[in-house]
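Some features that TrEMBL has for this protein:
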BINDING   176, 239, 240, 264, 265, 266, 267  ATP binding site
BINDING   265  Mg(2+) binding site
SITE      266  site 'Important for substrate specificity'
BINDING   293, 294, 295, 338, 339, 340, 394, 451, 452, 453, 454  substrate binding site
ACT_SITE  295  active site, proton acceptor
């Protein structure tokens, strides 16, 4: 609701101006102050069934929000699950907004943001993010294109909905390890402490299960001072253990009113359920997510933290494989990298290395035998160069094993499929093929650096990114936003609704230029006719894609 209640310009309210002579003191303001200029938006649809809200524009361009309680629901009844909060504007403008505490809790007290008196921010020309600032999801458009989907820009707000002395924040890390976890923890703690004066921050030990099965860990800037130099997470982590009722009971019993949840798409789905239960109970608790996936498979955002570090470290394994391969006659260096459903690490590490002869990812089907198959390509490269390097993502080629192995239906505690070690399987198939069928001696070295990559601290680039993600989440929670994920969209920090993060997965598009660059770098075949690729992915584009020597494989 901050976007709807805050003025588009503070000129009408001199007591809200940034001018040091007019700064308001740190005191509560009535949240009922809601007659402000709303220039951009023509229609606001909240989707919350507890209230039916419509924004009407008058000729004076001054707007009033009219909210009425639905006759189908009494104040004591449990509200239904809300629909997305959408704001429509002129020119096809669509804002996929995030929930706000004032959407379901009336008459919340509002406070001035202490950042306006923070010496570190004295050099900033504009202390606070403008209420109309949004970030477009797509930046490449045609002159007649609609303005499209936007997300709310992240950053500090002029009004906050928590008194710093009353805040009890908690941080939890879930799922697998990823470079940068400790940096995010550190920056949330330091951001709350140094920017907003929050003194009470707790760490949840051991993932979601820690809410109800373990004691909390006290966190302050001294405790987290140098944890960014270490890998892993000081809070511990786990998969599964999500019991919504127990978790929210624990949050309520401990007096926690800000929850920061760091994890991948499964963790963010859990965070969304926690938010819905908190909203159902009418609790003043902000739930903020920080997306974590080393595979970079979370949609909407530009990239996930830890990805740059993973690509950089993956190159060390590729370099080692290249040294091994070129040191032996018919040497093959095979490197397995992370990428359960998305092959971004394998693709980017291959492009960065330039020593890779073939890269296999989950999005690009391939076959082993026959004309145009992997075995034929390996033999050709060995005859041309005397060695080769093969990179394979962990999720690639899983369908090749599914016929003989039945574990494809099994899942881990996070709901992810238990994958077979396809790289080890292919290694053995390569050995068998060349020793038995081709009567050709090869020297294959298999390298799996997966857990070495996961366990290292983040590099400089990811450290900076983690800082931006963490501080953006803190600003959003203090401003009363909830049920959102902090993420980078087109180079700008934004607040993204949970449902956008969890509705699909980010995958490599093998009809995109980036994959074409990889094929150009490795000179590997596409293994599949582009027409079939387009049919598999549901594209309806003209057939001007790359072909392998101008022909499709007969298989």
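Cβ atoms are placed via backbone N, Cα and C, with glycine included.
For the binding-site residues 293, 394, 452, a Cα to Cα distance of within 10 angstroms from residue 264 (ATP binding site) holds for 293. Put simply, residue 394 (substrate binding site) is 19 Å from residue 239 (ATP binding site) when counted between their Cα atoms. Between the CA atoms of residue 176 (ATP binding site) and residue 394 (substrate binding site) there is a gap of 15 Å, rounded to the nearest whole number. Taking the Cα atom of each, residue 266 (ATP binding site) and residue 293 (substrate binding site) are about 10 angstrom apart. For the binding-site residues 176, 264, 266, 339, the ranking by surrounding Cβ atoms (within 10 Å, all protein chains) places 339 first. When the binding-site residues 240, 265, 267 are compared by Cα distance to residue 295 (substrate binding site), the shortest distance belongs to 265. Comparing Cα positions, residue 293 (substrate binding site) lies closest to 265 out of the binding-site residues 240, 265, 267.
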